[in-house]
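See below for the structure under consideration.
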Amino acid sequence: MAEESSSSQYLVPPHTVSVNFPPHRPFGKVFKSSVKEALFPDDPFRGFKRRRGQSSTSTSTTSRGRNTTFINALKYFFPIADWASNYSLNLFKYDLLSGITIACLAVPQGISYANLAKLPPVIGLYSSFVPPLVYAIFGSSKDLAVGTVAAASLLSASMLGEKVDVAQDPDLYLHLFYTTTLFIGIFQLALGIFRLGILVDFLSHSTILGFMGGTAILITLQQLKPFFGLKKFTSKTDIISVLHAIFSQTSQWRWESATMGIVILIVLTSTQYLRKKKPSLFWVSAITPMVVVVVTGVIAYLIDGEKHGIQIVGPHKKGLNPISVKYFVFDPKYIWTAIKVGLITGMICLTEGIAIGRVFAGIKNYQTDGNKEMVAFGLMNLVGACTSCYFTTGPFSKTAVNFNAGCKTPMSNVVMSFCLMLVLLFLAPFFQHTPLVALATIIMSAMFGLIKYKQIYNLFKVDKFDFVICMAAMLGVVLISMDMGIIISVGISIIRALLYLARPGIAKLGKISDTVLYRDVEQYPESIDVPNMLVITLGSPIYFANAGYMRERIGRYIDEEIENGDITSGNELQYLVLDLSGVSSIDKTGIEMFKEVHRITTRKDIKLVLTNPQMELTEKFKASKLLDVIGKEWIFLSVAEAVSSCRFMIHESQCEKPTTIG
């Protein structure tokens, strides 16, 4: 009785809602929709449209409506107009404290990273004055603090150093840095204007993690030159050359410099440990680098440090940023190097800055606009290139300090810029006695936090391929060069993406008991095979690159099902149900694949059934006449409806068979 009750539900055809086949959309409409989705996935003008609509209903006069529309447009294109309109003294108290705090970090970091890039230290101070002002106008992050970064500084120095020897021609080297910053700005601005942020996605989290770790190791080792007071060093960046340069000159090591470095390193590490134990004392670790610079500078001045092997920064220029437009280098001999370095470094700076901005925005539950960030970064580097700055982005350390200090708006960048202006106008000469070993230890202490051991180990546990990508970047940077490390890692990432495209997910589905759900039989071993039917789900767009694989994989499933079927018990395969829920698009080769599968199933006396095709598929099925081949009646909204209909047809065919009387 149970079997009879079970089968009686198929005596009537299931009530199904037929698949909708909308009218053919014009090519222009389809193309416009595709371009909009590719370049404007965030629908950037939705907020502006909403405001404009609201203003039109609440405004009685046309002039007021126009004024409101203009204000809304101004707020969209200039984010400062949005947050400044509601700014208050209460907010400024927080931003003032944050700005002063990050300024204390910006001075030693600016000098240190400029030294890392083999540039005059004052260039690092210039780069913390003008770019933050530009970002405050165009940036969408409330927490991002603008400044120079160590990894990009070393990368550019190593790549430009291959073309120009800074010792022989320091002016050309500096001017080439300005030119590189110009191209970085152009590149980032173009990405933002043309909505091409998708290119940044090729730098995966694994690549960035490995690159930053490898770079941190290299930078730390390179700081052993000023740490031990060495005067000669290698221009190469691979670890073998760096270690050879250090240990081949042990006779030149100066214990005075090393002793000062060890003491400073202990102080910096202790304050960082204190910050982790007591987050409320973050300001201690934030101002410590500035205190170190001042105290060691006084000590070096009093004891005449250079006579004791303690190298110092040297004279600083006093005054604000001079205009540097006339120094751009467009000589064909050097311009391609500047463009190449600009593209690579610009991509890294952009990825790092946007990612860091999103992290802190997520903590405060607001969103940053990726394309606005690209425009802001591009403009601040363009303006910076014209005002004696080198490239800037949003470094993690400075942004974390800004966040912990309680910043409320980008005004904290303005405060920092004002503090740097005072330093440049009045205090810059006082930093000329700063020991290089102090700057080296500041960089080293910052680099220790960039080697994310736990995250790398987590990659190994979660995804071995991601771990390989990460280690390729790290080992490539450490053993070969920084640019080759990135290229190798990105290359492996692209190969992985191509493998995903060429070998998409295909799975056999079974029915979960007492439900209408059908799931992968490997993931759910308790699922039940559907009698007389093979249900397969296709999990990706179907293109020329994977159509052949899909056809072969479907054919293999059919052969296995036929071999395992029991013809004597009436359990032979009669229907092939393909679930197209995961197929978002298809090309001509994919269409031909379905026709080939239909021919294969027809020869084997199996009916092909499709479920839940998306709009693009239904349009192309109609245009290619595939619907005429398969039949509209064999396309269903869901797997459950398709299975129910097939069961009904099987039951009907069994009822129609003549009974043999013995």
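Each residue, glycine too, has its Cβ placed from N, Cα and C.
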Of the ranges 149-166, 257-274, 455-472, the one TrEMBL annotates as transmembrane segment is 257-274
At a threshold of under 8 Å on Cβ distances, which of 202-221, 257-274, 334-361, 436-453, 473-501 pairs most often with the transmembrane segment (173-196)?
334-361
Taking only the residues in the domain 'STAS' (523-646), give me the average pLDDT of this model.
89
Within the same chain, where does the transmembrane segment (373-393) have neighbours whose Cβ lies under 8 angstroms from its own Cβ atoms, ignoring anything closer than 6 residues to its ends? I mean 6 or more beyond.
114, 117, 119, 123-124, 126-132, 134-135, 137-141, 146-149, 152-153, 156, 177-182, 184-193, 197, 321-325, 328, 345-346, 349-350, 352-354, 357
Helix-strand-coil residue split for the domain 'STAS' (523-646), DSSP-based:
62 helix, 21 strand, 41 coil
Quick one: do the transmembrane segment (202-221) and the transmembrane segment (413-431) have at least 3 Cβ pairs under 8 Å, skipping pairs fewer than 6 apart in sequence?
no
Contact call for the transmembrane segment (257-274) against the transmembrane segment (413-431), three or more Cβ pairs under 8 Å
no
